[in-house]
Amino acid sequence: MSRRQVSLLVVAAVLALLLVLAPRVLLVVFAGVLLAVFLRGGGDAIARWTGSGKDWGLGLFTVLLAGLAVGIGMVAAPLLASQLDELWQEVPQAVRTIRKWVESWAWGRWILDQVDPAQLMSKAGGGAAKTASTAITTTFGALGNMVLILFLGIYMAAEPRLYTRGIEALVAPSLRPRAAAFLGELRETLQQWLVAQLFSMTIVGTLTGLGLWLLGVPLALVLGIIAALFTFIPNIGPVLSAVPALLLALAEEPVLAVWVVALYLGVQTLESYFITPLIQERRVELPPALVISVQLLLGVLFGVLGLALATPLAAAGLTTVRRLYVDTYLESAEECQAARQQAAG
């Protein structure tokens, strides 16, 4: 076995071992890589515009992001807090309105007759402590992951070559130029996906918030932000983001809920069939069935984090298979076989 084959085998074995022993750690690290690609891409863009160095561009971009987050927080936090409090107060009223609407139909009364409220309350009370404990544990775990992702992203964005050289050093010297080219292409793939995704999130959030405001749905600002954030999770996210808007619309009047459903369907159709394909054309081509399959798999295995990272992981995986397996292995094998046949002939 050659040195090249041994180096590739060692890298594959290490990755397989990590996938078995610590898959969640790999997800957190990948999220950090995604953040690093975003920070470095923004920093490089500022460096090109200003003519400064890349490190200065990265620092300026990071400061701008932090300032933007603080500014939005200071301006919008009081409004968001009041709207979220109003949302929390209006959800029970929406549930009561839905119940009255269901009771107006014979089939609805039959369904409600089959439900024992006392039994439901007993089950809810018995599991309240366990649910609260699980929620607290999950919240602290999510906050810890966010802190880790933040620091990983900053460190990797500050010195990307330090980490890429470490990866390149794991393979044989003859493979290092090809490994460097592959890592560069992988970074470009993730960067293009991020640009497309951020643009789609902005468009969806703006159109949704504006449409809900025109329809007279309460808390249009909060619902628009929710729609933008959930757009990060394709296919499933838009459905989840429509639930609170639908509840609030039903609390006003059932006809308004129909218009809200039409609004969400229209915005998501525009995003799915026009905005995203135009942005991702010749950049990141992902088969929809592959994306949904990866989402289901990672969502079941790793929850929200796996679901959120499913699409960029699919993009990175597709690039990896295309470059390391199809182009490098299969086409090289065919070229070697053709050379042997030509020599024999």
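In case you wondered, yes, glycine gets a Cβ from its N, Cα and C as well.
According to TrEMBL, the protein has these features:
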TRANSMEM  6-39  transmembrane segment
TRANSMEM  60-81  transmembrane segment
TRANSMEM  140-158  transmembrane segment
TRANSMEM  193-215  transmembrane segment
TRANSMEM  221-249  transmembrane segment
TRANSMEM  256-276  transmembrane segment
TRANSMEM  296-318  transmembrane segment
Using a Cβ cut-off under 8 Å, which residues of the same chain at least 6 positions beyond either end of the transmembrane segment (256-276) come close to it?
196, 199-200, 203-204, 207-208, 211-212, 215-217, 227, 231, 238, 241-242, 245-246, 249-250
Best-contacting stretch, by C-beta pairs under 8 Å, relative to the transmembrane segment (296-318) and drawn from 6-39, 140-158, 193-215:
6-39
Using a Cβ-Cβ cut-off of under 8 Å, list the residues of the same chain that are 6+ residues beyond the ends of the transmembrane segment (193-215) and lie near it.
34, 37-38, 41, 221, 223-225, 227-229, 231-232, 238, 241, 245, 249, 256, 259-260, 263-264, 267-268, 270-271, 275-276, 279-280, 283-284, 311-312, 315
